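Input: a single structure, listed below in structure tokens.
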Amino acid sequence: MADPTAARTPLMAGNWKMNLNHVEAVHLLQKLSWTLQDKKHDFDRVEVAVLPPFTDIRSVQTLVDGDRMKIKYGAQDVSTHDSGAYTGEISASMLTKLGCTYVLTGHSERRQHHHETDEVVNAKTAKAIEAGLTPIMCVGEGLEVRKADGHVEHCLGQVDAGLAGLKQDDVRKLVIAYEPVWAIGTGEVATPEDAQEVIAAIRGRIEETISPSVADSVRILYGGSVKMASAGGIMAQPDVDGCLVGGASLQVDEFAGICRYLDLQLGYSS
Ligand SMILES: O=C[C@H](O)COP(=O)(O)O
């Protein structure tokens, strides 16, 4: 039986999507770091990561290394290929070389606008792991599926397909993000109970198909219009291990507030 209270370090990951050039990226990251330092953020207690566009990653790396920041970073996508004649693609080893920790796979915007199938998501996830990156593999249902009450089965199907063929120890280390498509960038947040329902089902599926200890270790995030005001309620759910934040990660005070949800809950916000 998977233990929903097993120790898993919460992760707050900011997906900048196609926003911020490299100069703007440096400004935002510097300000985020100062804000969190000023509030004495404990990065071992709540991990913080940013996922900039590819063109910003080298600048982010220089800043993180130069200032010895504890903020981690990663990319928003990765190729299924290792190298060669694949115009416009970026390989997993290129990201590792840039010091990336994380990479998103299967974000709904890639599934929707770039027709990424579950097989492609699985191949990208495997390539990322092979190169030493931690994939944040995204799953989530659209509005029609939710209305037809098929959301849990839909997400479990995406999880099964995305994890196919991966080794137990690799699954243990990866991160899954549940993002209901109808809640992305719409201001429409799933309730904390909606997030818990699907995330607990995903953990249960991993327990069943892989192992209870892997299910206890794997971190599962919620994403979809998360704001400072909603983060505490979402994070109070026993199976939710963090948030994948889009729009609010472009506003330093909002994102810092999300990262500090524990302090804010405890009333240390002043
Ligand atoms: O990757 C992040 C998600 O797509 C959520 O975006 P959002 O916070 O703007 O709704």
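Just so you know, glycine gets a Cβ as well, placed from its N, Cα and C.
Pulled from TrEMBL:
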- ASN15, TRP16, LYS17, GLY185, SER225, GLY246, GLY247: substrate binding site (BINDING)
- HIS107: active site, electrophile (ACT_SITE)
- GLU179: active site, proton acceptor (ACT_SITE)
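On the structure: features taken from TrEMBL.
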residue: ASN15; record: substrate binding site; Cβ contacts under 8 Å, 6 or more apart: LEU51, GLN76, LEU104, HIS107, GLY223, LEU244, VAL245, GLY246, SER249
residue: TRP16; record: substrate binding site; Cβ contacts under 8 Å, 6 or more apart: ALA25, VAL50, LEU51, PRO52, PRO53, ASP56, GLN76, SER249, LEU250
residue: LYS17; record: substrate binding site; Cβ contacts under 8 Å, 6 or more apart: PRO53, GLN76, GLU109, GLY246
residue: GLU179; record: active site, proton acceptor; Cβ contacts under 8 Å, 6 or more apart: HIS107, SER108, CYS138, VAL139, GLY140, TYR222, GLY223, GLY224, LEU244
residue: GLY185; record: substrate binding site; Cβ contacts under 8 Å, 6 or more apart: SER225, GLY246, GLY247
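Among the record's substrate binders, ASN15, TRP16, LYS17, GLY185, SER225, GLY246, GLY247, no two C-alpha atoms are more than 14 Å apart, and one pair sits at exactly that spread. Counting every protein chain shown, the number of other Cβ atoms lying within 10 Å of the Cβ of HIS107 (active site, electrophile) is 28.
Counting Cβ atoms from all protein chains shown, SER225 (substrate binding site) has 20 others lying within 10 Å of its own Cβ. All protein chains included, GLY246 (substrate binding site) registers 22 other Cβ atoms within 10 Å of its own Cβ.
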